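If you check Swiss-Prot, you get these features:
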type	residues	note
BINDING	Leu6, Ala7, Gly8, Lys18, Asp65, Asp97	GTP binding site
BINDING	Asp97	Mg(2+) binding site
Amino acid sequence: MKAIILAGGQSERFGAPKAFAEIDGKMFYEQIITVLDSMNMFNEIIISSNETLASEFKGARVIVDDSEHKNKGPLSGIYSVMKQDFESELFFVISVDTPLITAKAISQLYQFMVEHVIEDQLDIAGFKEGNHPIPTIAFYSPNCLPIIARALESDDYSMRHVYQQTASDWIDVSSVDDDTEWYKNINYPQDLESIKK
């Protein structure tokens with residue numbers, strides 16, 4: 001099983017590449033790698049990024065977004081990694097701007113996926129907050145690849161386009177016994193300041 005850290009976004013709202021912002025003395029991407037490594041669940045951690053940032057990452061293989069699908073958001077990153085590593089039975093996808101992710105949350109989601117993958121033939125298992133799925137903290141089956149490819153060929157690069165056309169299910173973030181906001185995206189500098197307090 002492989003983990004994909006999505007780190008190719010433009011970070012326009014944040015004002016600088018979020019992957020290299022720091023929390024507790026570690027860059028966001030390093031923080032996520034530390035959590036993923038600690039779990040001994042993943043045989044490889046892959047960073048999906050763009051050509052400009054690719055050489056800046058250390059500690060994991062970097063796959064640059066497929067040239068024909070550059071600048072098409074998270075789907076482009078997932079597609080580019082899946083296309084190269086199609087033999088993996090499952091991919092855990094995490095956005096780099098979610099540096100508070102915990103091993104407990106990932107383990108709970110994995111158990112949910114395993115319990116439902118055969119009976120319900122799940123392709124995507126992820127978290128949701130209320131009625132809002134969080135497709136950038138989710139497990140993806142390689143079965144999603146053709147659907148992602150079709151989405152990238154269309155004019156709709158939204159994650160919703162994919163999870164509405166696959167067998168997907170979501171567990172609420174509140175089901176994880178953790179009082180931190182481990183699932184929160186850091187979109188603005190003030191978001192980072194608020195979690196440092």
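Don't overthink the numbers, they just go from 1 along the chain as shown.
In case you wondered, yes, glycine gets a Cβ from its N, Cα and C as well.
For the binding-site residues shown (Leu6, Ala7), fewest C-beta neighbours within 10 angstroms: Leu6.
A helical conformation is recorded for Lys18 (GTP binding site) in the three-state DSSP classification.
Our reading of the GTP binding annotation (Leu6, Ala7, Gly8, Lys18, Asp65, Asp97) yields a largest Cα to Cα distance of 18 angstrom. With every protein chain in view, the residue among the binding-site residues Gly8, Asp65, Asp97 whose Cβ has the most Cβ partners within 10 Å turns out to be Gly8.
Residue density at Lys18 (GTP binding site): 25 other Cβ atoms are found within 10 A of its Cβ, drawing on all protein chains shown.
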